[in-house]
Amino acid sequence: MPLLNENYQNLEESYLFAEIARRVSKYEEAHPDQKIIRLGIGDVTKPLTKKVIEALHKAVEEQAVSETFRGYGPEKGYDFLRNAISAYYKKNGADVDPDTIFISDGAKSDTGNITDLFGKDNVVLVPDPVYPVYVDTNLMDGRKIVYMNGTAENDFLPMPDPSVKADLIYLCSPNNPTGACYSKEQLEKWVAYAKEMQAVILFDAAYEAFVSDPALPRSIFEIEGAKECAIEFCSLSKTAGFTGTRCSYTVIPKELVFPASNGAELSLHAMWNRRHSTKFNGTPYIVQRAAEAVFTEEGMAECMENIEYYRQNAKIIADVLRKKNISFTGGVNSPYIWFECPNGMESWEFFDYLLTHAQVVGTPGAGFGENGKNYFRLTAFGQHESTAEAMRRFEELF
Ligand code: PLP
C-alpha cells in the first residue's frame, strides 16, 4: 500500500474556478433562456495575431520535411527564442543574459514546480490576496506559509516587515487579482529586504505587457541587485494570447548560489537546469517559433493592439464603477479590476447576487485569500460588446 502525500488534505476542497463553473452551470441549467456574460476567468478572447499564425504555419511545414524536421529540442529552449526574449528585456530596461532564460509551457507550471528546488523548512511569505497557485503548491509540499496583508490601506501592495523572517517571497506585479502594481521604489525595498534575509524573491511578471505607465517596472531585473535575490516568471498567455498555445519563460540568474548543509555551494540555475532536463522535454518547436514571432517589432505591435483592446474594456468597467462611487484598484496597468462588494456583501454572496440578478459572472475575492472575502474581481479580457452589456446591467442593478 502506498504512503500518500497527506499534505493534499490541507488543500481547499475545490479549485476556485471549478466552483465558479459549478455554480454557473447549475444556474444555466435552471435558466437556459438567459444570456450569461463571463468576466470571471482570466482567459483571453482575442485570437492569435497574424505574425504568430504565419510563424506557426511555417514551422508546421518545416516539421513535414525531413531536412527541416526537429525532434527533441534543447531543454532550456531554442537559442532563437531565448535571444529574442533577452533583447525584449533589454528594450524594457533590464539586462538579462539569454543563458539564464528557460523556456517552458506556462508560468503556472514553473511557479508551481520551482518549489522542487527548496527544502520543506523554508518560511514562505505570500501576499493575501494572491494567485492561489503559490499557496497550494507550497501546501502540497507541507511548507509553512506566512501571509502578508494586502488591504485598501496599503493599496493592496504589502511591503516588507523587517521583524518577519522569510526565505522565499512571492510577489506578483501587476497583481492578480488586485491589479495593483509595485513602483520602482517599492521593489527596491523588497530587494533590500530579500538581501538582508538572504531570501529569494519569486517574481511573477505574467501581466507585464499591460503596464502602460513608463515609470512602473515591468521586471524585477530593472531593480539593481535583483540578480542576487530574484527569479522571474513570465508568460505569453496574456501578452500574446497563448493561453491555449502555451509558452512561458523563467529567468534564474547565475548569481543565486546558496550553501548546502554539507558545505557545498548550490546554484539555483544549475538545479533548475537539472530539474528541467529531468522532468521536461521542452516546449514544442512550432510554439517556440510562434513565440519568437511575438518578439519581432511587427509581432509585438500586433499584440499591443490586442492589449489596447482589453484596456478599453477595463475603461468601460472602471467608468461604471466610478459613476457608482465604488472604489477599485487595477484596470490601468492591469487587465484586472478589484473592488469592494457593494452593500457590505461577502464575495460569494455578491457572486450569486450578480449571477442571478444580472447574469454576470465575476470572481469572488474569497478565492484569493482571507483579505479578499469582501472583494470582487472583474476582468477586461472579454469582448467590447459583452463587457459593455455586462456593465450596463451592473449599472442598472446598483
Ligand atoms: N501567474 C499569474 C499571476 C496568473 O494570473 C496566471 C494565469 O492566470 C499565470 C501565472 C499562469 O500563466 P500560464 O498561462 O503561463 O500558465
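Note: Cβ is positioned from N, Cα and C throughout, glycine not excepted.
Unlike curated records, TrEMBL annotations are generated automatically.
Here the structure is a predicted model, which means the values were calculated and not measured.
The following features are taken from TrEMBL:
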BINDING   Tyr15, Gly42, Lys108, Tyr131, Asn176, Asn281, Arg377  substrate binding site
BINDING   Tyr72, Ala107, Lys108, Tyr131, Asn176, Tyr207, Ser235, Leu236, Ser237, Arg246, Asn281  pyridoxal 5'-phosphate binding site
DOMAIN    35-393  domain 'Aminotransferase class I/classII large'
MOD_RES   Lys238  N6-(pyridoxal phosphate)lysine
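Feature map: annotations from TrEMBL on the structure.
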| residue | record | Cβ contacts under 8 Å, 6 or more apart |
| --- | --- | --- |
| Tyr15 | substrate binding site | Pro132 |
| Gly42 | substrate binding site | Asn176, Lys238, Pro335, Tyr336, Thr379, Phe381 |
| Lys108 | substrate binding site | Val133 |
| Tyr131 | substrate binding site | Thr111, Cys172, Asn176, Pro177, Asp204, Phe368 |
| Ser235 | pyridoxal 5'-phosphate binding site | Gly106, Ala107, Ala206, Phe242, Cys247, Ser248, Tyr249 |
| Ser237 | pyridoxal 5'-phosphate binding site | Val44, Gly106, Ala107, Ala206, Thr243, Arg246, Ser248 |
| Asn281 | substrate binding site | Tyr72, Glu75 |
| Arg377 | substrate binding site | Gly40, Pro177, Thr178, Tyr336, Ile337, Trp338, Gly362, Thr363, Pro364, Gly365, Phe368 |
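Binding-site extent for substrate: residues Tyr15, Gly42, Lys108, Tyr131, Asn176, Asn281, Arg377, maximum pairwise Cα distance 36 Å (rounded to the nearest whole number). When other Cβ atoms within 10 Å of the Cβ of Asn176 (substrate binding site) are tallied across all protein chains shown, the result is 26.
Look at the Cβ of each of the recorded positions Tyr72, Lys238 and count the other Cβ atoms within 10 Å; the largest number goes with Lys238. For the domain 'Aminotransferase class I/classII large' (35-393), the model gives a mean pLDDT of 97. Mapped onto three states, the DSSP output places Ser235 (pyridoxal 5'-phosphate binding site) in strand.
Classification of Tyr15 (substrate binding site) by DSSP places it in coil, neither helical nor stranded. Reduced to three states, the DSSP call for Tyr72 (pyridoxal 5'-phosphate binding site) is coil. Listed in sequence order, the recorded positions among Tyr15, Tyr72, Lys238, Arg377 whose CB lies under 6 angstroms from an atom of ligand 1 come out as none at all. A strand conformation is recorded for Arg377 (substrate binding site) in the three-state DSSP classification.
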